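> Handing you this structure, nothing more for now.
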Amino acid sequence: MIDTKVNIAGVEFKNPVIAASGTFGFGREFLEYFPISKLGGLATKGLTLREREGNKGVRIHETIGGIMNSIGLQNPGIDAFIEEELPFLNSQDTVIIANVSGNTIDEYVISVEKLNQTDIDMIELNISCPNVKEGGISFGTKAEIASNVVTQVRKVCQKPLIVKLSPSAENIVEMAESCVEAGADALSLVNTFPALAIDISKKKAIFDNITAGLSGPCIKPIALRMVYEVSKAVDVPIIGIGGIMDYRDAIEYIMAGAWAVQVGTANFINPNACAEIIEGIEEYLQKEGISTLEEIRGII
């Protein structure tokens, strides 16, 4: 009898597969493909204190081995999310994780205070956002800046707190250790990689913001290495992200030390990706005679 359950910061997931933020909307869009209750968890579209219309111009661009995106955190804002989207999510039998972004520490804090009053299961702090009070540098680049935002959020956060790390961190292990010391209950890594694409006919960058976030299979070996390194350095659960397209990728992340995985780009290519990965993990465990994920977690 196999058991795919995992417990992260006191929250039980029926399996280790989580739909990644920004790739699954608020879940409704995928109901025609499979029951959302099949998921271990669902991370919401990135939420900000106020509504955001997102970026102008090109938002998605395919590249070899991946996808580049510049959505600009388009979302209805925390209040509208709580009123219009959360009731549906709460009706689904899966772990709901609110992904929160901000341009100032106060924005993060106020958003989390609002979510404290809801039935959200966990909060995932996206620290890849530009810090307007530090000249636009990402909260997730320097450990000291990240530690500050996590510390302030931890003071008010009444939910289990996941911090989502950026691959742009000066030192990913130091960043992870700083966030855990500041109060993170778990870490998810990594976010998209800053990347550039140029239209040589127009002689200009494809995206209006010049750079965009790169995701997909091309980033997996680097993201996998980061998960491995961080898992050896901290004692909180790790959620692996980056280029997970099938169950084999998910198993690799677990063997590298991840407790769970988030599936992102694969959802754009195959709306059934999460469901198929869940089934693939179960079949793999059965075939290999493995009873629990703990038996293979971090074996590398």
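Note: Cβ is positioned from N, Cα and C throughout, glycine not excepted.
Here the structure is a predicted model, which means the values were calculated and not measured.
What Swiss-Prot lists as FMN binding site is Ser21, Lys45, Gly46, Asn99, Asn126, Lys164, Val190, Gly216, Gly242, Gly243, Gly264, Thr265. Under the heading substrate binding site, Swiss-Prot lists Lys45, Asn69, Ser70, Ile71, Gly72, Leu73, Asn126, Asn191, Thr192. Per Swiss-Prot, the feature active site, nucleophile maps to Cys129.
Quick one: where do these features end up spatially?
In sequence order, Ala20, Ser21, Gly22, Thr23, Ser215, Ile241, Ile244 make up the list of same-chain residues 6 or more apart from Gly264 (FMN binding site) whose Cβ falls under 8 Å from its Cβ.
Residues near Gly72 (substrate binding site) in space but far in sequence (CB under 8 A, at least 6 apart, same chain), listed by position: Arg52, Glu53, Gly54, Asn55, Arg59, Asn209.
Sequence-distant neighbours of Cys129 (active site, nucleophile) (same chain, 6+ apart, CB under 8 A from its CB) are Leu73, Ser101, Gly102, Asn103, Ser138, Phe139, Gly140. DSSP gives Cys129 (active site, nucleophile) a coil state; it is part of no helix or strand.
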> Among Ser21, Lys45, Gly46, Asn99, Asn126, Lys164, Val190, Gly216, Gly242, Gly243, Gly264, Thr265, recorded FMN binders, what is the largest CA to CA distance in Å?
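Output for FMN binders Ser21, Lys45, Gly46, Asn99, Asn126, Lys164, Val190, Gly216, Gly242, Gly243, Gly264, Thr265: max Cα distance 20 Å.
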> I'm trying to understand the geometry here, so how far is the Cα atom of Val190 (FMN binding site) from the Cα atom of Lys45 (substrate binding site), in Å to the nearest whole number?
16
> Taking 8 Å from the centroid of the Cβ atoms of Lys45, Asn69, Ser70, Ile71, Gly72, Leu73, Asn126, Asn191, Thr192 as the cut-off, which other residues in that chain fall inside it around the substrate site?
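Near the substrate site, the remaining chain residues are Gly22, Gly46, Gly213.
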> Just give me the nearest neighbour of Gly242 (FMN binding site) among the binding-site residues Lys45, Ser70, Thr192, Cα to Cα.
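Closest by Cα distance to Gly242 (FMN binding site) among the binding-site residues Lys45, Ser70, Thr192: Thr192.
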> If you count other CB atoms within 10 A of each CB, which of Ser21, Ser70 wins among these binding-site residues?
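The largest 10 Å Cβ neighbour count belongs to Ser21.
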> Pop the Cα-Cα gap between Asn126 (FMN binding site) and Thr192 (substrate binding site) into the table, whole Å please.
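Pair distance, Cα basis, whole Å: 11 Å.
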> Might you list, by sequence position, any residue in that chain lying six or more from Asn126 (FMN binding site) with a Cβ less than 8 Å away from its Cβ?
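Spatial neighbours, sequence-distant, of Asn126 (FMN binding site): Ser21, Gly46, Asn99, Val100, Ser101, Lys164, Asn191.
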